[in-house]
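Asker: Copying in the features that Swiss-Prot gives for the protein in this structure:
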type: COMPBIAS; residues: 884-897; note: compositional bias 'Basic and acidic residues'
type: COMPBIAS; residues: 907-920; note: compositional bias 'Basic residues'
type: COMPBIAS; residues: 973-986; note: compositional bias 'Low complexity'
type: COMPBIAS; residues: 1003-1024; note: compositional bias 'Polar residues'
type: COMPBIAS; residues: 1033-1043; note: compositional bias 'Polar residues'
type: DOMAIN; residues: 613-715; note: domain 'Cadherin 6'
type: CARBOHYD; residues: 305; note: N-linked glycosylation site
type: CARBOHYD; residues: 403; note: N-linked glycosylation site
type: CARBOHYD; residues: 618; note: N-linked glycosylation site
type: CARBOHYD; residues: 662; note: N-linked glycosylation site
type: CARBOHYD; residues: 813; note: N-linked glycosylation site
type: CARBOHYD; residues: 818; note: N-linked glycosylation site
type: MOD_RES; residues: 918; note: phosphoserine
type: MOD_RES; residues: 949; note: phosphoserine
type: MOD_RES; residues: 962; note: phosphoserine
type: MOD_RES; residues: 984; note: phosphoserine
type: REGION; residues: 884-1045; note: region 'Disordered'
């Protein structure tokens, strides 16, 4: 095909178009004596129908011989691609300086820079047989439809011509051959090299010898790994003494047409006998080497063996026919055969190192062997992606900047971005993105690109607006998939060109001006300004005024500054406000305008009270908040303006507990709330404006304090020092003790959970998590006898929860005959850490034995003392009865000693004055003979206050021989039953409960006449209550049946009430 530009078509050029649908189109120019190959018209029409649509990415491949003269036509894109000859703009994006493109026809020509296949950088490190490819890109813009440019990718396959002569590395080649060499032995001759490829490379070798060597030597060419290896074959017996060297000529010729040839002198030196040649362990070696390996890194070690001895077996290793690049990068140890790195290895420059290693012995006539070594260079992620940004279509770039009008359509291409990575595999898989929040995105320009080389269109995503953003700095980031990944960035500045698309905009669409009445004419009311986001004349503004009918003739405006003046005096009583319309027009073409409204309010006097937004405020806050914490916020408004609307807030009817911030209306507390002390606060807020005279308003505020879990549960029963007898006959599931506790918090913070935290090694007992009732879960065995100390934990459900701990002593035995032992066990329990179970403790058992001995001694002393005390008491009581004239069985109705709990005891053990949970006392019994009863029992009369009823206190220390007081009262006294209430636990140290009566005389129960206490019966039960004044305690209570404890928060000594 002839060029319309005067160029000539490359005779051997061939076209291959790649794209959907895929097809191949070949054209051949007529050669000497041949005719041009023409396609049938039907096939041509079919190709036009099947040509790839403009929206698809297309690749075109041309095959061109190297060294073509300038202006040689390679191909016509318009004809080959199916575009019309007019209406399109063709632009060469990639391919200079070897190619040029006609902008109208799309014809591709060669340039003054000749395409030399051997000189192209892309083809210098190719493996034999690989094609030499020169890539180019052409953008095609439809000037008629003014659409986005299309990118056409193409390749020039540069075909080799025979322009290089094959040559040997040296004009003289020397071979040393021992004299005892067997006939048929082969000796390799160094290869000749030819820079051409394929058929134009080395094709044949020819040996030329003189008469003396013609019968001794021959040439044999072996095909080895796509190369022809010339070998000298020994055809006769050699005699060094007869002839020690021969000069031969070896000729090499390529396969070009016409062929090229050269020759070299082959000098054969005959050596003395060394009959064994070295032999490599393997005929060939393969190794992998990571690029950028350090100097001295071991690559591979070749090893050969020689059956000779002495110097003939000493092997020396050398490179054989190794290219210069191998000798520069690798080092071969002559003695060990170890190959190490001696230069920087870069896979991107050379991916495979192929060479031979010669092993030669040190004999007089050295023998040698050759092994092939192939080193594959492994890729390392040592190359960051490269990003190239250039213009596309009608958008040109200069100094890294592109100009584009703000009214362009969406998805307009601004630039062509090419991203590539010199690595391979995952290290070359590049991901490219636009960084930052900019209205631009990357769209893939070609679907045929590899992972290591991709092209994108940088296009807009939304309409551009000069008034919002005048320029963009687009940063493009490319990251490969290596480990660790490498990245690079490049940026493009896009300058947005302004068009008059914005109307003037006022600072405020509505401006309200307060202007006093009785003003002077000509005074300035306000200055109204507008702005235009455009630039130049598009932003020059002119102001005008369009007042409402009522304001016509009263106001005027400056066209240049927008200053509004009043022309006459205003009178508020005639009109309170005026509405003015201000127009601002720019000087663009066509002109755009904007409007604003000015409301002129005539000022008035202070005639409005402040007003709270609500008629009353109710806030809820958590207790224990730190002082100066906000508890609520109020809002107050004033219908006036200026100082008349400046409101000051203050707290009324308050003790300094609260303050208020005038700026925010926030109410702050000056104390930390405690709900248990006070749950509600009420006060008033006062608002006063700044008018003259001032106006004020009031509002009520209520603060409700919400509960926080700041109180731990406290144990009301039993005492830590109390105990209970548990006989082996106790039934399973029977309640053996009851733990009671209280919590001064509320809600879930006061919901209690009971659990046994320790002291239950045998699993005999279980506690109700909600009831606190301890029940027997296993049958009592002999090994279970003794004192069991249960550590009961009582926790609430607060977050975080709080807890209290109680000790429950259960004495498993048949009887309580040995009280001294029990008291010793209890003392040991109180001195034992809670994490030790006293039940089954060997040390504890030994203390029991020691207690038994001590009990025996004490029991004897107590028995004697009891007998003496009983005799004295009986005699004394009889004398008292005779003197008082007491008559048994007579009932008195007078209330002698009505118990009243003291004020201090009722407060319990809470330091913050929380509510007491003590039980209410039962109505007391009246007795007529007050003096007789007091003298008979030796009670100490104590009174809480002048108005309190007298209270009877039992003596705290009884002699060991004290009589059975229950039997004495039953037979000789008309007193009602006496109840002793078990003492509740104390928050301090250890607590003891006074046992006032001997074990044999103790009655346990609620006053039932059938209840038993040891061997005796009594009509009277007892109950202990805390006294107002503390006393010393010396005893411990015990019970034979299930107790019914009455919880009480008081601590101290026991006081007894006489009730009926």
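Backbone N, Cα and C atoms are what each Cβ position is placed from, and that goes for glycine too.
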Asker: Between C-alpha atoms, which of these glycosylation sites comes nearest to residue 818 (N-linked glycosylation site): 305, 403, 618, 662?
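Answerer: Result: the closest of the glycosylation sites to residue 818 (N-linked glycosylation site) is 618.
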Asker: Distance between residue 813 (N-linked glycosylation site) and residue 618 (N-linked glycosylation site) at the Cα atoms, whole Å?
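Answerer: It is 62 Å, counting Cα to Cα.
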Asker: Please identify, from the glycosylation sites 662, 813, the residue with the sparsest Cβ neighbourhood, meaning fewest other Cβ atoms within 10 angstroms.
Answerer: 662
Asker: Between residue 403 (N-linked glycosylation site) and residue 618 (N-linked glycosylation site), how many Å separate their Cα atoms?
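Answerer: Cα of residue 403 (N-linked glycosylation site) to Cα of residue 618 (N-linked glycosylation site) measures 63 Å after rounding.
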Asker: For the domain 'Cadherin 6' (613-715), how many residues does DSSP put in helix, in strand and in coil?
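Answerer: Summed over the domain 'Cadherin 6' (613-715), the classes give 4 helix, 48 strand, 51 coil.
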Asker: Among the glycosylation sites 305, 403, 818, point out the residue whose Cβ has the most other Cβ atoms within 10 Å, with all shown protein chains included in the count.
Answerer: 818
Asker: Would you mind reading off the Cα separation of residue 618 (N-linked glycosylation site) from residue 662 (N-linked glycosylation site), to the nearest angstrom?
Answerer: 19
Asker: Just to verify a number: CA distance, residue 662 (N-linked glycosylation site) to residue 305 (N-linked glycosylation site), in angstrom, no decimals.
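Answerer: Their Cα atoms are separated by 102 Å.
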Asker: Let me know how many other Cβ atoms fall within 10 Å of the Cβ of residue 618 (N-linked glycosylation site).
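Answerer: Around the Cβ of residue 618 (N-linked glycosylation site), 12 other Cβ atoms lie within 10 Å.
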Asker: Work out the three-state DSSP category of residue 305 (N-linked glycosylation site).
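Answerer: Assignment for residue 305 (N-linked glycosylation site) reads strand.
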